[in-house]
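Asks: Before I ask anything, let me first share the structure, which is written out below as structure tokens.
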């Protein structure tokens, strides 16, 4: 593990991946203030305020448009990484955050709720791009024995992003009404840092050699990343992959879906990406405050309880990265059941809390602690296992010609499922009540069985060796 490898991993994780986690959680604590701004602006424009229904719909659009922007960004990944490279795409995407921060930061001064919605959509666009490009870049620059460790680093920063959003949202910091535009636009700081420093690191050697046929550039990049002049073995391995792909052009999404030679790899990407979002974790992230309110936790204590769950999330993510199996590539493929059982066993707990007619703390005073424990259990199980694996596995299971299209498929499914859970969960909870989490429980079980039965171990194997295993 050289200093350049560690530095670029931390830089892109901090400047890109962390912003995804931050933007997931940033709209939770200032929801009341943003709604009040929408209502006041509407009254100033039209002479009357918004009814509760339209106001909720307006705010829901603000939240959910982040996922729609992410979907668009994931569809652009294949085009961007081929045209600009991995490093170049990440550098250019940072400009999107600067634009989004400007929209959201000046929205109240200009009296424009539309600027908040546009800014949220642009941050989603940025996250949709970076959520695929960061693991792609790290997966291609890392030696095979460090691919798992470096590839899981972005998931830690996603957890840190959620945690920072929870901390900054406390009333003592940026949780007051006058600070919410700054709270939304503080994302420009990590983006500026990445924009200034990322050009100090070279492009992906695999991209330079296999796609650009730049042997000198690839050799120079490898020597900088690996810290040694002896990189001929790695160059030889990449040339063998290039020769095997010499008659194969970069495939499109449609070609990938029709290619029978990689159908199991494609199906695996579909299963792990959709399964990650449909495990129920998004319902926890989006509705933590509501769950804690229903559990009877005093409103004044909810922000601090939420910060506590965020801290647990970071700790569990660190444990996942330090796990002995992450020196390979796929912890889930070795021990799928314990990882997913955590999600499965705990996943239905918050949903099992009924909606009582009397305050829950009056009826069952001990239940609030059970709910907090259940939420922590969900987060712990998720962060120790599936949090960062799907993006890492997408890079591992495909060769260079199929990898961009695979990231489009996986990223699109990821965002579609994210939007679906965030949109339908309230309705599912109203119709199914305490049984709504059984849906997530069943999905977790099915994904665990698929990973255990189908996906092979990829530890210390080259991309060509993994491809041969599937063949």
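The backbone N, Cα and C atoms fix where each Cβ goes, and this holds for glycine too.
Heads up, TrEMBL stuff is auto-annotated, nobody curated it.
As annotated by TrEMBL, domain 'Major facilitator superfamily (MFS) profile' applies to 9-459. What TrEMBL lists as transmembrane segment is 57-82, 94-111, 117-137, 149-168, 180-201, 369-393, 405-428, 435-455.
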Asks: The transmembrane segment (117-137): which same-chain residues, six or more beyond its ends, come within Cβ distance under 8 Å?
Replies: 12-13, 16-17, 19-20, 23, 27, 61-63, 65-77, 80-81, 86-87, 89-90, 93-94, 96-97, 99-104, 107, 151, 154, 184-185, 187, 204, 388, 391-392, 394-395, 403-404, 407-408, 410-411, 414-415
Asks: To what whole number does the mean pLDDT across the domain 'Major facilitator superfamily (MFS) profile' (9-459) round?
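Replies: Here the mean pLDDT over the domain 'Major facilitator superfamily (MFS) profile' (9-459) amounts to 78.
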Asks: Counting only residues 6+ away from its ends, which parts of the chain sit with a Cβ under 8 Å from the transmembrane segment (405-428)?
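Replies: For the transmembrane segment (405-428), the far contacts come to 60, 63-64, 67-68, 70-71, 73-75, 77-78, 81, 128, 131-133, 136, 250-253, 255-257, 265-266, 269-270, 272-274, 276-278, 280, 282-283, 286-287, 390-391, 394-395, 397-398, 436, 439.
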